[in-house]
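Below: the structure, in structure tokens.
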Amino acid sequence: MQFRIEHDTMGEIKVDDSQYWGAQTQRSLENFKIGTEKMPKELIGAFAKLKRSLAVVNHKLGKLSLEKSQAIIKACDCILKGELCGEFPLAIWQTGSGTQTNMNLNEVIANKATEILGGNFREKKLIHPNDDVNMSQSSNDTFPTAMHVVSVLEITHKLLPSLENLLKTFKEKSQQFKEIVKIGRTHLQDATPLTLGQEFSGYASMLEHSKQQILESLEHLRELAIGGTAVGTGLNAHKELSEKVAEELSQFSGVKFISAPNKFHALTSHDAIAYAHGAFKALAANLMKIANDIRWLASGPRCGLGELNIPENEPGSSIMPGKVNPTQCEAMTMVAVQVMGNDTAIGIAASQGNFELNVFKPVIIYNFLQSLRLLSDSMESFNIHCASGIEPNKEKIDYYLHHSLMLVTALNPHVGYENAAKIAKNAHKKGISLKESALELKLLSAEDFDQFVVPEKMIGPKA
């Protein structure tokens, strides 16, 4: 391996000559050999979009030459095309402001831009990482800006489409199953009837609510900290910078961003991300409930509830031949647990905004993006490999429906609650049907029982 000598304000340091990064990135690599968690590539992409927009705006404001602006823009485009993906090796366990990652971007962009201008960054840097790429910026405002940019983009382009696909499937299943009457269950005990379609409509409504909660959380995530520089005052930044960068980012990404109205808030608090992740946690709770319901309803095949048949995707046991497990449901529930854990970490980290700056930014955005990615991927997987293939086991559903003692509820208006309870308890004690019990107790005639106890008429309120 060949090395070159790079320098920063702390002196000289050896850097792998094949890499574009510089001294500060190298120091971070050597000083923070902690864990395996690296800065997410999605965050690096958002940072590149931000640096690109800043190069455009700094030129428009007369602070950066056209030549340097265009070189920086082209270097950022190289990052966005994936041409420099091996240049961002830093761990999330670094300074809590994300300074090392900001400088990682600055150094790589500066050296690539120098090459674009025809120079050799190993000999002389035509673009300076601080003076040019980081012009009018601080890590304290660029990192939280990149956090919000990546959050909005990933929610818009990854999470919401996956959620919408699963929601669509449950809406379709709700219609497909609307004529299938089944027994309901509360407290894990038999309850009154409903249709399988009604049950699935509940799942669809849960996901619709989650979608709306996530959409609502987007509004404050659109607010960008850029222009606040070190402590929120905007020192060394043009007064029009923040508004113009938000406009440029919006135009370039095709997604709306605005300048945060209070930069002191934007630097020291991450309540917008904590709030958005709260919506993720609510979605995870809904997905956990749905996946659990489906695997219980599909339990069996001979000794469980068995009301649903789910796709058989792979062998389920290394010792029991022919066993097939609800693997997609299990994967979904594990994702939900991880998201709930991430929510706790984000909540604690977001509370640590001491004075003018929160210094838990990397761990906040790492966990946020992990939750987003896991939710998106698991919903897509669950939809394709499980939800879309769910079918009712009508024989089992009908058996449970007509053997449930809770059909006695339909008799309340005719014989009263206490007499209805006597019918149910007598039937359960003697192992006979509700009809047989009612006749034995001489509370109803056979004709009246058949008229009053009709499961298909018990699935909605009466006129």
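Cβ coordinates are placed from backbone N, Cα and C, and glycine is handled just like the others.
Values in this document were obtained by computation on a predicted structure and should not be read as measured data.
Reduced to three states, the DSSP call for P129 (substrate binding site) is helix. There are 25 other Cβ atoms within 10 Å of the Cβ belonging to P129 (substrate binding site). Annotation comment: Swiss-Prot describes 97-99, 128-131, 138-140, T186, S318, 323-325 as substrate binding site, evidence class sequence analysis.
Look at Swiss-Prot and you will find H187 tagged as active site, proton donor/acceptor. In the structure as shown, the Cβ atom of H187 (active site, proton donor/acceptor) sits within 10 Å of 6 other Cβ atoms.
Residues or ranges marked as active site in Swiss-Prot (evidence: sequence analysis): S317. All protein chains shown were included, and the count of other CB atoms within 10 Å of the CB of S317 (active site) stands at 10.
Feature annotation from Swiss-Prot assigns site 'Important for catalytic activity' to E330; the stated evidence is sequence analysis. On its own chain, E330 (site 'Important for catalytic activity') has A291, R295 as residues at least 6 apart in sequence with a Cβ closer than 8 Å to its own Cβ.
Here the candidates are the binding-site residues P129, D131, S139, N325, and by Cα distance the one nearest H187 (active site, proton donor/acceptor) turns out to be N325.
For the pair formed by D131 (substrate binding site) and S317 (active site), distance between Cα atoms is given as 61 Å, rounded to the nearest Å. For the binding-site residues S97, T99, T186, the largest tally of other C-beta atoms within 10 A is found at S97.
Most buried of the binding-site residues D131, S139, K323, N325, judged by other Cβ atoms within 10 Å, is S139.
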